[in-house]
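Below is one structure, written out as C-alpha cells, with a few remarks after it.
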Amino acid sequence: MRSHYCGDVNKSHVGQEVTLVGWVNRSRDLGGVVFLDLRDREGIVQVVYDPDLPEVFDVASTLRSEFCVQIKGLVRARPDSQINADMRTGEVEILGLELTILNSSAPLPINMDKNQHNTEEQRLKYRYLDLRRPEMADRIVFRSKVTSAVRRFLDGNGFLDIETPILTKATPEGARDYLVPSRTYKGQFFALPQSPQLFKQLLMMSGFDRYYQIVKCFRDEDLRADRQPEFTQIDIETSFMTSAQVMDKTEEMVRGLFKELLNVDLGEFPKMTFEEAMRRFGSDKPDLRNPLELIDVADIVKEVEFAVFNGPANDPEGRVAVLSIPGGAKLSRKQLDEYAKYVTIYGAKGLAWMKVNDLAQGMEGIQSPVLKFLSEDVVNALLERTGAQTGDLILFGADKANIVAEAMGALRLKAGEDFDLLQGEWKPLWVVDFPMFERTSDGGLHAMHHPFTAPSNMTPEELEANPIGAISDAYDMVLNGCELGGGSVRIHDSKMQSAVFRILGINDEEASEKFGFLLEALRYGTPPHAGLAFGLDRIIMLMTGASSIRDVMAFPKTTTAACPLTNAPGFANPVQLAELGVSVVEAEPKADAKDTE
C-alpha cells in the first residue's frame, strides 16, 4: 500500500512518484490550495492538492484530523522561501495526484497538538491516539533501536537469550509480589517475578555461562515518576567473570549505545566507593553534573555553645555538614524557610544558614540567625573550609549521619537545579564497595542489594561474626543521578548462602522452604558467577529526555497501578473465583478514633 514512510521522503526522491499512507496531522485551505500534513511513525510530510485535479481536490477538502488516508503523488522541491528547517522532510513536498480515504475519524477526545495540554488520565485512556503524536512515536521507535542494539552487542559477545518463567514462587526480594492463584492446587499461589535473579543463577549452574534476557518484571509497590508495577530489565549473568570484567563489558555496551544512537562519547566511567559517595554527595547515586558537595565541619563546631551543632558533632553516630552555594546570599528569608521546610521531608529538624554578604567586612559582613553562637575563629574556619566568597550561602545539616546525608543530599540536588549549577550533559560513574547489610528501623539487618550477593573476601564464619562491617562485591552504574543498573558477584557456596540467610533472620527451616532448591543446587559444582540488571525504561527515559518512564512505555499504568484504557484491574466473576477456590472478603472499615478511646 505504500512505497515510502512519510518521514523518509527527501530531496533524493525529487521527480519520483510515491505512495504514502498515514494520518492527517493537519489540513488547511490556503487560497484555493489544500495543504495536507501527512503523518506516520517516521515523521510528517507536506502534500499539496490544487484545483487542477477537481475530483481529488474535492476529496482533499473534506479531510479532517486523524483521517487515515493513502496518497499518490509527485515529489518536488520546495522553493527556498518555503523550506522548513524544523522538519526532516522540510525541503520537499508532494504534489497530490490521487487520494483514498481508508477510514474517517470521529471528533477527537484528546488534543493531538504537542503544545496543548492533556491530562495524564486522558492520555492513558486514549493511548492509541497519544502514541500517534510525533514525540511519543519517536520515543517508542527509539526504544526499539535501543533493544536492537543491546541484542546485537550481547549476541556478538557470546551471550545467549534464554527465557525464564513468569509463573514462579514468591521469594522475599523487598517489594510485595503480585500473586496468581492456582486452579489446580487450591489455596496455593504463583508469584510474578520481581526479577529473574534465581533462575539466571540456576542457568549458570546449568552451564550456560553467558545469559541475557530483555524481560518483564513485576513489583507491587508504591509508584513514583520512575517506577511502574511492570517494567523491563536488561538482565545479564555470567560465569567465570570477575566484578571488574562484568563492569568493563556492560560499560562497553552502554557507551556503545550512547555513541550509536546519540553520537555521545561518555568516556571511561570513574569509580567511587559507597562511603565516598555518601560523604561527598549524600547519595549512593550522585549526580556529578552538580558541583556542590557536602563538607564536614563537625571538628570546627564541636566546642560551640549551641546544642544543635555540638550535639551531633560529638555524637559518634552524628554528623555536621554544610553546603556552600555560590550566589546563594540573594535568597530571601521566605526562600530560606522553604529550604528548611524541604529538608524536614527527609527527617531533618531544621536548617541553619549563614550568608556571606561582604567578606571584606569580617564578622560585620556575615548574616546568620546562629551567628551569636559562633566565635570569629569558628566563622573564619568555616569560611576557609568551604571556600565561601562574598555573595555565597552556607547551609548547615546537623543530626544523625544518615539523616544529614539524606536531607543535605536532597537539598544539594534542589539547590543545583534552583541555581542552574549543573555542568555538562552526561556524567556516568560506577559506585562500588557497598555495605553488605544495613540496619532496619527495628534494629535488624537487611541486605542492601539482595541476599544472594557475595561479600568481598570473607569466610562464612567471618561474615557471621561481623555482618555490619562486611563489604559486598557489588556495583551500581549511575548516570546523572539515576541508577541505570546494579549487580554483584553472587554467592556460589551453600555454606555462605546459609550464613547470609541466618544473618537476615531466616532460619534453616524457612530457608529450606523458600530456597531449598537453590541451596541444593549450590552443592553440585556451582561456578563463580556475577551479573547485572539494567532498568531499560529508565535508560530510555534519560536518553530521550522524557520526564517519566510512562512516556517511554507503550501502555503504562497510572501512579495508582491502573490502566484507564482497559479499566484494569477489574473484578472477576463468581464462577472464575469458585474455580480458583478464592473468595473476596470485604475490608473492615477503620475504627473511628472515638471508638477506641
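Even glycines carry a Cβ here, placed using N, Cα and C.
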Correct range for region 'Aspartate' (source Swiss-Prot, candidates 157-160, 197-200, 481-484, 581-584): 197-200
Annotated companion of R219, D220, E221, E483, G535, L536, D537, R538 at the ATP site, Swiss-Prot, chosen from Q213, Q228: Q228
Cα proximity to L536 (ATP binding site), best match among binding-site residues R219, H449, R490: R219
For the region 'Aspartate' (197-200), the number of residues DSSP places in helix, strand and coil: 4 helix, 0 strand, 0 coil
For H449 (L-aspartate binding site): DSSP state (helix, strand, coil): coil
In three-state DSSP terms, the structure that R538 (ATP binding site) belongs to: helix
Among R219, H449, R490, which are recorded as binding-site residues, the nearest neighbour of E483 (ATP binding site) by Cα: H449
Whole-number Å value for how far R538 (ATP binding site) lies from R219 (L-aspartate binding site) (Cα to Cα): 16
Secondary structure of E221 (ATP binding site) (DSSP, helix/strand/coil): coil
